[in-house]
Amino acid sequence: MNSQPTPLLCITTLFLLLLTTTHTSSADPEPLQDFCVADLQSTTTINGKVTSDDFFFSGFTNEANTSSNDFGSFVTPGNVEAFPGLNTLGISMNRVDIAPGGINPPHHHPRASEAGVVVQGQVLVGFVTTAGVYHSRVLAASEMFVIPRGLVHFQLNVGIEKAILITSFNSQLPGSVVAPLALFAAEPSVPDRVLAKSFLVGEDVVRSIKAKFIR
């Protein structure tokens, strides 16, 4: 005779499944940085000792020097490292200054999506999907854009005046991997033969590019 499961057995089984699901999904939240070594001697409390100044930030009021690098751009971060009040809130912002003809070079944020608004100037904003599709548009003041998490993107000033953007992230420390710096200015250096093979050029070309980043 075939036995049928009782309602109690069904409920018990369902309860155990829910417990198992809860356990497997209770891992740490999304990482806020590349790594975080525990300080077992720390006496810091949960909320710590704070002041009103921790929750206000004036870093975006200063005009950045876009001539300080060959890209003609400068990013002023408003992340948790500059603005302690953001800690655990999962948000941050940047100010991006770009000289005429300058570029915020191809880069990606491994820990956040990005939304931004052009405050001044005309900016070509573009990104490439994981399928290799390129999306772009020239934006003017007050127009907004969004970059999905982890996708390579850039902002190029195509106007005749300095451009200013304010960008926001759903991470207190989104991280930024700038493609040309990561590949050609890493320390220790990425082997020339790796880059030559990857870009289908001679090693002399790679060395020439690397030389531009040596200061």
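Even glycines carry a Cβ here, placed using N, Cα and C.
Curation does not apply to TrEMBL; its annotations are automatic.
Taken from TrEMBL, the feature signal peptide covers 1-27.
As annotated by TrEMBL, domain 'Cupin type-1' applies to 58-207.
The annotation oxalate binding site is assigned in TrEMBL to Asn94, Asn104, His109, Glu114.
Remark: His153 (Mn(2+) binding site) has Pro106, His107, His108, Glu114, Val125, Gly126, Phe127, Val128, Ile147 as non-local neighbours, by Cβ distance under 8 Å and separation of at least 6 in sequence. TrEMBL lists His107, His109, Glu114, His153 with the feature Mn(2+) binding site.
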Helix, strand and coil totals (DSSP H, G, I; E, B; other) for the domain 'Cupin type-1' (58-207): 28 helix, 57 strand, 65 coil
Of His107, His109 (the binding-site residues), the residue whose Cβ has the fewest other Cβ atoms within 10 Å: His107
Sparsest-packed among the binding-site residues, when each Cβ's other Cβ atoms within 10 Å are tallied, from Asn94, Asn104: Asn94
